[in-house]
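Noted in TrEMBL for the protein shown:
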type: TRANSMEM; residues: 20-44; note: transmembrane segment
type: TRANSMEM; residues: 79-96; note: transmembrane segment
type: TRANSMEM; residues: 108-126; note: transmembrane segment
type: TRANSMEM; residues: 132-154; note: transmembrane segment
type: TRANSMEM; residues: 166-188; note: transmembrane segment
type: TRANSMEM; residues: 208-232; note: transmembrane segment
type: TRANSMEM; residues: 252-276; note: transmembrane segment
type: TRANSMEM; residues: 296-318; note: transmembrane segment
type: TRANSMEM; residues: 325-345; note: transmembrane segment
Amino acid sequence: MTATAAAPVHAPRRRLGGGVLTACLVGSLVLLALLAWASLFVGARDVAPGTVWDVLLGRGTGFDALAVTDATDGRLPRALLAVLVGAALGVAGLLIQRLMNNPLGDPQILGVNSGAALAITIAIGLCGFTQVWAYVWFAFAGAAVAMVIVYALATAGRGPLTPLRITMAGIAVAAVLSGAVRGITLVWPHAFDQLRIWEVGSVTGRGVTVAAWVAPFIVVGIAVAFVIAHAVDVIGMGDEMATALGVRVGRIRVAALVVATVLAGAATAAAGPIGFVGLMVPHAIRLALGVTGRWAVAFAAVAGGLIVLGSDIVARLFDQDKMPVGIVTAFIGAPILILLIRNSAGTAR
């Protein structure tokens with residue numbers, strides 16, 4: 001299942017010392033905290049920083065308090081969910097790219113998010129499940145099935161399994177699955193009234209309950225990714241080399257794919273199919289820091305949270321609380337995908 005490529009996507013450009021990386025990680029966490037703090041001010045109703053502080057200390061009342069801490073529409077649970085979803089997608093994209101040596105790997109591009117979304121719409125439309133604790137299991141199954149279909153299509157026919165072939169198969173599968181999602185929502189419109197904005201990826205109105213249900217899956221998934229990160233990097237250099245170095249290729253590959261599926265499924269169940277985060281994050285940390293292994297997982301989680309939370313803030317600035325975050329990530333990620341496809345096609349010649 002290892003795609004051929006001109007160079008491993010996990011190859012670092014330069015090595016930084018542990019002290020420098022620790023400082024960078026702490027700085028990234030501080031930036032994430034500041035961004036989360038800033039997100040509490042912005043929305044349909046602007047709230048002054050001093051008022052936000054009073055609300056967090058339990059002294060705030062009225063509409064300002066509801067805008068910040070409301071369990072369903074409050075900005076605090078919204079920021080928490082954005083960070084969780086971003087971290088999940090960032091680490092899932094990292095695992096996919098490095099395990100398969102595919103610089104175009106992304107849960108959305110490869111159809112994983114769309115598979116999860118279709119399974120969720122079936123759970124809601126046909127089975128009547130409307131709570132995240134019920135349909136999150138459908139999301140995991142749908143994500144796994146979509147990944148299998150993509151690789152079955154990519155390996156069909158002649159020629160080597162290249163990143164471009166995998167990506168084209170993923171785009172085709174994602175298009176079909178997204179069309180099926182739209183069809184189901186049209187057949188049962190009343191069942192999806194509250195999830196309409198969810199179709200394009202949004203953290204609006206999802207609330208603290210959704211965050212609480214998906215958080216264990218995301219935290220455990222990232223923890224497992226942290227443990228197997230080095231072995232995944234070794235597999236990305238080839239199965240023979242990995243076996244010679246003592247890596248249990250089959251077990252690690254299955255574990256990595258399960259983790260990526262769980263992370264992508266949980267993120268999709270929580271916020272819908274948000275695209276391009278898993279594509280952008282691995283390239284950003286590789287170009288900026290050149291890190292591998294566990295450092296890469298840690299930075300991918302933080303960078304993913306920064307991207308989704310930052311995109312949500314941008315969406316609020318343009319259209320208060322109504323614009324889905326998936327639209328912003330698509331505007332950012334689509335040009336990056338085009339550039340990467342052109343580079344991949346050039347190296348394949």
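Count begins at 1; order follows the chain as displayed.
For all residues, glycine too, the Cβ spot is worked out from N, Cα and C.
Automatic prediction, not curation, is the source of TrEMBL annotations.
Of the recorded ranges 20-44, 79-96, 166-188, the transmembrane segment (108-126) has the largest number of C-beta contacts under 8 angstroms with 166-188. Stretch with the most C-beta contacts under 8 angstroms to the transmembrane segment (79-96), considering only 132-154, 252-276, 296-318, 325-345: 296-318. Sequence-distant residue pairs (6 or more apart) of the transmembrane segment (252-276) and the transmembrane segment (20-44) include fewer than 3 whose Cβ atoms are under 8 Å, leaving the two stretches without contact. Annotation: stretch 208-232 has the most Cβ pairs under 8 Å to the transmembrane segment (132-154), among 20-44, 208-232, 296-318.
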